[in-house]
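Per TrEMBL, the feature compositional bias 'Basic and acidic residues' maps to 336-347. Among the features that TrEMBL reports, region 'Disordered' is placed at 336-365. The feature transmembrane segment is assigned by TrEMBL to 45-63, 83-105, 112-134, 140-163, 175-196, 208-229, 241-260, 306-326.
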Amino acid sequence: MQTHPLSQQFNSRPLAENSTACPANATICNGTSCVLPEDNFNETLSVVLSTVLTVMLALVMFSMGCNVELKKFLGHIKRPWGIFVGFLCQFGIMPFTAFLLSLIFNVLPIQAVVVLIMGCCPGGTASNIIAYWVDGDMDLSISMTTCSTLFAMGMMPLCLFIYTKMWTDSDAIVLPYDSIGISLVALVVPVSFGMYVNYKWPSKAKVILKIGSILGTVLIVVIAVVGGILYKGSWIITPKLWIIGTIFPAAGYTLGFFLARVAGLPWHRCRTVSLETGMQNTQLCSTIVQLSFTPEQLELMFTFPLIYSIFQLLFALLILLGYRFYRRHRVKTKTDVEKTEEKEDSKSVSPHAKINGGFVSNETK
């Protein structure tokens, strides 16, 4: 009986030293090891967890939408400077960085392709959750995620055509447009409901937002843990991919932040663009890889999206902790000074300015 190569890799189990016979359900017995029929437990577990996680993600995006104001959201669409900067980061910096890392580490062609696929993917929804916790611009964050997913329909084929020429034929890569469309719908619909709730019942929206932000943080950790459990048999890959999986998200966060700052965006939007750049849609990358390559090829690089996902989460948490530390120890030292300045300013402000509420810069909102 012919067995699947992956089944031999995942299900081969050494026999006990004092045992001379294979289990009754073994399909092949050779020396001290045997091949057992494929276990459908992982497949069933994957389907169940995917359903649960999808529902949870929809609820989280609904809660994130409760922090978005339609007027500000449309403002980013009408004056898309922040979205344009994010576009340059997402489909300019990330694919080029993937290309350079593949050249520098001289990985196998098939491994270079998966790194490039990751670099060409749009932003992931986890960035919206982290952006909330670092006091980023939620309106910009969600508009960037939405636009990058929409632009991915055309930009992913273009970027892959440009950068994968020296390793493979770009026609061999199957882009799941249905998955991209589903990701877009799964993002837009819950957020739209959240925006409506924020418009109609702002007090209730704040409560939903607090619950959803905590649930979202838990969801990110659960996804990482579940991924490690489901794909525990695929961890044996070249150290070069581990190194690239570590450097790549860190480079995305750093370069995205600096480009946003050079473009003149305020600090809270720089943090937003940084997170949108470094946090990729790793689920989409995994789907493309599974559709495009044979089981034998998958053994060489299937786990890379999971490795990237783990390190992008790790660095995002470091950014979050660093920002919270800065906010607690640096900003609080200025509180008394700011309060004194506000009192002095309030004394010198004319009654006409008080009636009109004064002027507040859009950059500080």
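Just so you know, glycine gets a Cβ as well, placed from its N, Cα and C.
Caution: TrEMBL annotation is automatic and unverified by curators.
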Recorded stretch that, among 112-134, 241-260, 306-326, has the most CB pairs under 8 Å to the transmembrane segment (175-196): 112-134
Same-chain residues near the transmembrane segment (83-105), Cβ under 8 Å, at least 6 residues beyond its ends: 76-77, 111-112, 115-116, 118-120, 122-123, 140, 143-144, 147-148, 151, 155, 159, 162-163, 167, 240, 243-244, 247-248, 251-252, 255-256, 259-260, 263, 265, 273, 276-277, 280
